């Protein structure tokens with residue numbers, strides 16, 4: 001069996017050797033293994049498609065309707081949701097159609113070009129949105145004074161627009177680098193393929209690997225480490241400072257507990273207690289918000305790293321190895337992990353962030369937030 005290109009929804013493993021039993025038999029009958037593979041892949045991808053479509057649309061809608069979510073953080077998350085939605089609506093239906101229409105490409109040359117372009121566009125835009133989100137979290141926690149100047153809603157929107165414009169320009173060559181060819185072992189099948197040589201494939205995919213996977217992960221790991229250190233140090237410093245301010249317990253408790261009149265008339269230290277209590281409440285509130293923001297970032301990054309690792313690893317291996325390897329079940333696993341990462345983010349935010357969860361309930365099941373956006377959301381730093 002000669003070499004042939006196996007379409008991988010949004011990127012390709014060139015010249016992959018695929019066993020004949022993975023294709024429809026010439027007389028039109030499916031093998032048992034092919035039927036099982038088709039049922040499993042169709043069921044998984046259909047479920048992920050519905051979950052990703054609903055989740056990302058709800059996230060975008062909730063942020064749009066809720067003025068209290070008009071912050072830099074949720075603007076970046078909306079950009080990430082839009083990129084994930086683009087991947088979901090282009091890649092997943094094509095995967096289902098590919099498995100259920102005899103591996104036949106149905107959309108012609110134009111559809112092939114748009115399909116490859118839109119998948120690269122969505123994937124790369126999501127990576128840049130995640131990187132920008134990481135930098136914003138780092139500035140808010142580690143450089144709060146600088147963040148108050150530059151981390152505002154207007155600047156955030158400009159950054160996101162620039163990220164999408166850069167991704168559009170970077171991905172646009174794919175509009176001219178695709179073709180539809182007849183499959184060599186099955187001349188009755190049209191395949192959407194990439195027309196480049198193996199050497200050019202290696203250069204392009206290596207560039208993508210560095211710019212949109214390794215660099216975002218490096219920035220994210222360093223950023224999260226520094227954020228965690230600052231949050232821990234701030235908590236320790238605050239606890240130490242409050243310990244120095246706290247009056248001796250023996251001087252306060254008997255008089256406060258036994259007097260029926262206002263304690264501040266009899267106990268000079270009462271004012272210090274109430275001030276310390278208010279400061280502690282404010283500190284705990286801010287610290288909790290920053291911690292939840294860090295958790296959202298870490299969960300998103302871990303999901304991104306783990307979900308893309310099988311596919312990126314397979315791609316680079318088959319680009320560099322003298323003897324290529326491709327197992328269809330592993331390929332299904334790699335595809336499904338990527339689709340799942342694009343679908344799960346909104347549900348993870350809802351699970352770990354109280355503010356977002358309450359806002360979703362308010363918008364979908366109660367009164368929506370109205371009124372003009374507060375100064376905090378348009379000019380100041382948000383913690384989550």
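Every residue, even glycine, has its Cβ placed from backbone N, Cα and C.
Residues or ranges marked as transmembrane segment in TrEMBL: 44-64 (among others).
Per TrEMBL, domain 'G-protein coupled receptors family 1 profile' is recorded for 55-349.
For the transmembrane segment (76-93), the residues of the chain that approach it from at least six positions outside its boundaries are 9-10, 45, 48-49, 52-53, 56-57, 59-60, 63-64, 115, 118-119, 121-123, 125-126, 129-130, 132-133, 136, 156, 160, 163-164, 296, 300, 338-339, 341-343, 345-346, 349, judged by C-beta separation under 8 angstroms. If you look up TrEMBL, you'll see 76-93 (among others) marked as transmembrane segment.
Sequence annotations record features per position, and here TrEMBL assigns transmembrane segment to 113-139 (among others). Here the transmembrane segment (113-139) has Cβ contacts under 8 Å with residues 9-11, 72-73, 76-77, 79-80, 82-87, 90-91, 94, 107, 146-147, 150-151, 156, 159-160, 163-164, 166-168, 170-172, 174-178, 192, 194, 208, 211-213, 215-216, 219-220, 223-224, 226-227, 293-294, 297, 300-301, 304, 342 of the same chain, all six or more residues outside its ends.
The transmembrane segment annotation in TrEMBL covers 159-180 (among others).
Annotation comment: TrEMBL describes 200-225 (among others) as transmembrane segment.
The transmembrane segment annotation in TrEMBL covers 297-317 (among others).
What TrEMBL lists as transmembrane segment is 329-352 (among others). Residues 6, 8-10, 37, 40-41, 44-45, 48-49, 51-52, 55-56, 58-59, 77, 80-81, 84-85, 87-88, 91-92, 95, 126, 292, 295-296, 299-300, 303-304, 306-308, 310-311, 314, 360 of the same chain lie 6 or more positions beyond the ends of the transmembrane segment (329-352) yet place their CB under 8 Å from a CB of it.
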